[in-house]
Structures are given as C-alpha cells and as structure tokens.
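Asks: Below you will find the structure I want to go over with you.
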C-alpha cells in the first residue's frame, strides 16, 4: 500500500551500468537521506561532492554529488534529494539497500514521482500525458509534439478558453440575478453569445487538427500492396535496410502481414508488407489476402506495386502507384507512377522523397494541441455544450447558463480538474520506476 506521507526513492536515470546514476528521494524525510549517508544537506540547488557512507558502520558506499530541492520549489512539490553516483550496478544496489533501511523510506511505485507532482499542482493531466508520450517518443515529430504537450501547450490553451467561458457565464448569470434591479445593462447575453461563438470557432479548429496529433503520436502506417510477385517484399527489405521478408519468385509466398518500423521525414512509420491481392482457392493464402485488404484500408498511405501497370482496386483510396522491376522490364511507367528497381536501387530515392512529402502533408507543421482520444472527446463535449447554449432562444438564460457550466466542466476534464483518477491509474501503469 502506498502512502503520500512516505518518503519514496528510486533510480531515476537510465538502466545501469552507465556513466552516472541518479537516485532520487522525495517526501517529508528526504533531507534525512543526506544527513544519514553524507552527514550534510547542501544549500538548496547547490551540488556538493561528498563521500556516501553506510549509517552506523561508516563503510564507504561511493563518492558523488548531492543536491537538495526544498518543496514546493521542486519537481514533485515536495522536499527532494538527489544523489549522483557512479553508474555501476553494485554501487546503485548498495545505495538503494541503504535507503530502504531508513525510517519512513520506501521504494517508489511506477510513476509515483509524477503522481506526486500532479497531486501537488506541478503538472496537470494533459502535461502528465505529454510526459508519458515523451518517454516513449521514437521520432523527431513525436518528441516535438510530446514536449509541447508536457510543457503545457494544451493546458495554456484550455486555461484561456475556460477563463473566457467563465466570463461569458458570469454575464448570463448577472442577467438572471440582477435583471430586475436595474443594476446591469439590459443585454448582457449578447456579449456572452459572441464570446461563446468565438470559442466554438477556436475549439472547432483545434479538433480539426486532432487527427493529425493522434497520427503523429501513434505513428503512421504505410501498406505495401499489389498483385502477387510484384516485388513487395523486396521493396520492404530495401526500405528497411535488412532482410525482413522472405523473397521468392513463387507467387503467394507472403501469406501474412509483416511489419517493419522505421523513420521517414521525422515521423514514426510502420511499413506493412501484405499478401498479393488475387483470387485464390488456397484457404491460407485467401486469409492473407483478406488481411491485406483490411490493413490497406486502415493505413495512412498505400504503395500500390505492379510490374506490368495493373491498376489498383477502385475502392483503394488514392494509392501511390509504383512500377517495379525496372531493371527487368525497362518500363517507363505511367505519368502517375514512380518507376523503381528494388534490386538495383534505381528510383528508390525518388520514391522515398514522395513518401516523405506525403507524410509531411499529413503530419508536418507545428505540434498539434490535441494528441489523445480522451482529450478529443472532452473538447468535443465542450463544443457540443457551447453549440447548445447558442441555440437557446432569448429569455431562457437559466438553460443557457447550464450549458455553459457543462462546457466548463468538459474543459476541466481535459486537464484533469475532474474525473481524473481512472485516467491517472491507467497512465502511471505505463511509467517506469523512478519517473
């Protein structure tokens, strides 16, 4: 059972062995770790080089740096102490084993430092989600987007929207409370409606970009499709830079979906090799064809490969057409085709450039504000309530005010002011110990 009154500790840097290991302690007794192991606590935010010793015996554990960050001016909002050690496994184990013996100290649970930062008002829910995304970011676009989120880009936008919404609500409530007293202007709902309409426009713009944010966060899917023996697996291997797929002149060799992860245009991409699309009586191959169609339909971009100009299915949305085996056929291709030879590499750079261009159109530009389905749903709820408030006829200010209050509550859900515990539990399960 975890208690917020405990002082928690953990290795907060990367996996050992490493050049330097950082052990962090946070909680009401964090100072005592410095006194017990180093015999001192340095001034706030000042590093001191000290000998760390086992309390009682005086045995030397290591020599390193000690820093102290008193709450609330710390990452967690609590007193926090850091020990910067040599990154050997035995050194780290010895220090952790010593800390666990101190009264009131216990090992931190996964994500517990961040949970305390949230509880102490250092981070809101959107920022915690951004930090979770930053920890697992693989591509440059994911890093930039997660960093913007964890730095409060969405939180600041929501705070501004909420402030304006509360101002509009106050105007409507003033109309309700004081309209008969002559202390307020006759038409306060007009400015309130204007503000609500402006908010609707801004939320609509943010939501229109949500799909891009979620795509960048999750990574893009590019499916390689085409008839059997069109060179799909050969192209996959060429783009992956390794022999990821079996290549055979026998049509129907690829029967299942094969995935390779790579980066293009700063984006995380899953490249999917699919079974050749054709009619077949082979039950296993037929299942592969079915799966290929499903993956192609759910992908962000389809590369349609053919060595003879076979057209893609009419229900396939705007594929990038690629004429393969140029080294064998010598074909020049149609105007909308890119001609390549995956064997010799001819045309591959042109193909990659076009793939990167299309990925840039789908996921480029400044980081999106909305990056998760939960955020999108909450903002959609706020937009719905604002639209409902604007639809209210005059002289029904009570109902209009209620819709504005519900819109404010929906905005609160974005940053975790309400209904937050279940989301936090799910989030912190994805965090590492020490974060």
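If you go along the chain as it appears here, the first residue is 1 and each next one adds 1.
A Cβ is built for glycine as well, from the same backbone N, Cα and C atoms used for every other residue.
Per Swiss-Prot, the feature (6S)-5-formyl-5,6,7,8-tetrahydrofolate binding site maps to 24, 82, 122, 435; the stated evidence is sequence analysis. Annotation comment: Swiss-Prot describes 229, 248, 250, 253 as K(+) binding site. What Swiss-Prot lists as GTP binding site is 229-234, 248-254, 273-276, and the listing cites sequence analysis. Per Swiss-Prot, Mg(2+) binding site is recorded for 233, 254, and the stated evidence type is sequence analysis. What Swiss-Prot lists as domain 'TrmE-type G' is 219-360.
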Asks: Would you mind ranking the binding-site residues 24, 122, 232 by how many other Cβ atoms sit within 10 Å of each Cβ and giving me the lowest?
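Replies: Output over binding-site residues 24, 122, 232: least Cβ neighbours within 10 Å is 122.
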Asks: Once the chains shown are all counted, how many other Cβ atoms turn up within 10 Å of the Cβ of residue 82 ((6S)-5-formyl-5,6,7,8-tetrahydrofolate binding site)?
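Replies: Its Cβ shell of radius 10 Å holds 24 other Cβ atoms.
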Asks: Round to a whole number and give the Cα-to-Cα distance in Å for the pair residue 232 (GTP binding site) and residue 122 ((6S)-5-formyl-5,6,7,8-tetrahydrofolate binding site).
Replies: 50
Asks: In the predicted model, what is the mean pLDDT computed over the domain 'TrmE-type G' (219-360)?
Replies: 78
Asks: Around residue 233 (Mg(2+) binding site), how many other CB atoms lie within 10 A of its CB?
Replies: 23
Asks: Give the distance between the Cα atoms of residue 229 (K(+) binding site) and residue 122 ((6S)-5-formyl-5,6,7,8-tetrahydrofolate binding site), rounded to the nearest whole Å.
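Replies: Here the two Cα atoms lie 57 Å apart.
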Asks: Distance check, please: Cα of residue 233 (Mg(2+) binding site) against Cα of residue 122 ((6S)-5-formyl-5,6,7,8-tetrahydrofolate binding site), rounded to an integer number of angstrom.
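Replies: For residue 233 (Mg(2+) binding site) versus residue 122 ((6S)-5-formyl-5,6,7,8-tetrahydrofolate binding site), the Cα atoms are 49 Å apart.
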